[in-house]
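Notes to accompany the following structure.
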Amino acid sequence: MENISDLWNSALKELEKKVSKPSYETWLKSTTAHNLKKDVLTITAPNEFARDWLESHYSELISETLYDLTGAKLAIRFIIPQSQAEEDIDLPPVKRNPAQDDSAHLPQSMLNPKYTFDTFVIGSGNRFAHAASLAVAEAPAKAYNPLFIYGGVGLGKTHLMHAIGHYVIEHNPNAKVVYLSSEKFTNEFINSIRDNKAVDFRNKYRNVDVLLIDDIQFLAGKEQTQEEFFHTFNALHEESKQIVISSDRPPKEIPTLEDRLRSRFEWGLITDITPPDLETRIAILRKKAKAEGLDIPNEVMLYIANQIDSNIRELEGALIRVVAYSSLINKDINADLAAEALKDIIPNSKPKIISIYDIQKAVGDVYQVKLEDFKAKKRTKSVAFPRQIAMYLSRELTDSSLPKIGEEFGGRDHTTVIHAHEKISKLLKTDTQLQKQVEEINGILK
């Protein structure tokens, strides 16, 4: 270990020459060498924030520096102190019951310690998926089996799967919990055939209590792997073992998925996760800031939450970028600094000017109403209601006066605009379907 420390100290001296002083002081100075195993050098970072920044910005530079010093190509891995117990590859072997099946490995090694129910931020877009996941964790194979969670990238599907695993292990330490991606399942299956170890492969995945399999859409078009997973699914389900599956789309939309697999995925509960609303995005940022011990002004969180609405990973990444930028230029964090820090990833950070025409077009797209109908005298519900929504949004999203809005809707009186605004405002408080439609329109306008 002394040699490793000496090597890292030498590397730090070289790195100090290659980066700016603020960068070195902020990111590199407080790191230490943890271990060197099989051409992988593990470096300890002081906290999760620093680890993430080092991984994304300094891995290549560190590898090059170490190559110059040693002539060896070393892979770099970063850890944080609280995760060393789970990740230290030099720990002595754990004493296991001889009767216990080793094939599935230690479940803890496959679960991210950050992804628990406690760290999951609940919002309108994920509330049902969270409740279903917790129910499954509390009573595996008794609540919903399988549980199928689908949604876009970075919305929390993997977080919930890991949370289920952690909860099960915490309440039943002897439970065999296996988490893996369907890509890994496919690769291991192919290797087992090549190495004539198909029996070992089947024993590994058909003798677990909880199987958590991520990104099942990867199986699309892979007939042999689908066949194997079909039998794995049946074996586990028949033994009342819990299966949790995630995907970027519902089963019926996964192309070239065998019907028999599709039907089994639909046996239990299918739940989706949608992008977080503004309130949830702010809550996510607050939780992230608290976890990292960061003091972030509310105006900055609101700015980031308004600019990043696609997924949680990008949201947290934007926060990290703002904090890093503040540290590097040694300035306090405020909304102006946040805008400067994010200008490369939010090129149009200045608010978009929305016109009444834009609103009419967006509402027309959602409700299939022709542009000319917004100005026509038609009073059928299929036209009148979308027209009222467009008037409401024109009042909310533009600086146009009431008479101007009325003029753009066929010369209607300003009292008609007021009535439309009041009606839609009232409906939005209780009508969830309307809320979703207005949110969809807002998304188009952005």
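Sequential numbering from 1, following the chain as shown.
Placed from the backbone N, Cα and C atoms, the Cβ positions cover glycine too.
Now, the feature entries from Swiss-Prot:
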REGION    1-81  region 'Domain I, interacts with DnaA modulators'
REGION    81-109  region 'Domain II'
REGION    110-326  region 'Domain III, AAA+ region'
BINDING   GLY154, GLY156, LYS157, THR158  ATP binding site
REGION    327-446  region 'Domain IV, binds dsDNA'
Residues within 8 Å of the GLY154, GLY156, LYS157, THR158 Cβ centre (excluding the ATP site residues themselves): GLY151, VAL153, LEU155, HIS159, LEU160, SER246, ILE273, ASN311, ILE312
Counts of helix, strand and coil residues, the region 'Domain I, interacts with DnaA modulators' (1-81), according to DSSP: 48 helix, 16 strand, 17 coil
Structural state of GLY154 (ATP binding site), classified by DSSP into three states: coil
Within the region 'Domain IV, binds dsDNA' (327-446), residues counted as helix, strand or coil by DSSP: 80 helix, 0 strand, 40 coil
Neighbour count (Cβ, 10 Å) for THR158 (ATP binding site): 19
Sparsest Cβ surroundings (other CB atoms within 10 Å) among the binding-site residues GLY154, GLY156: GLY154
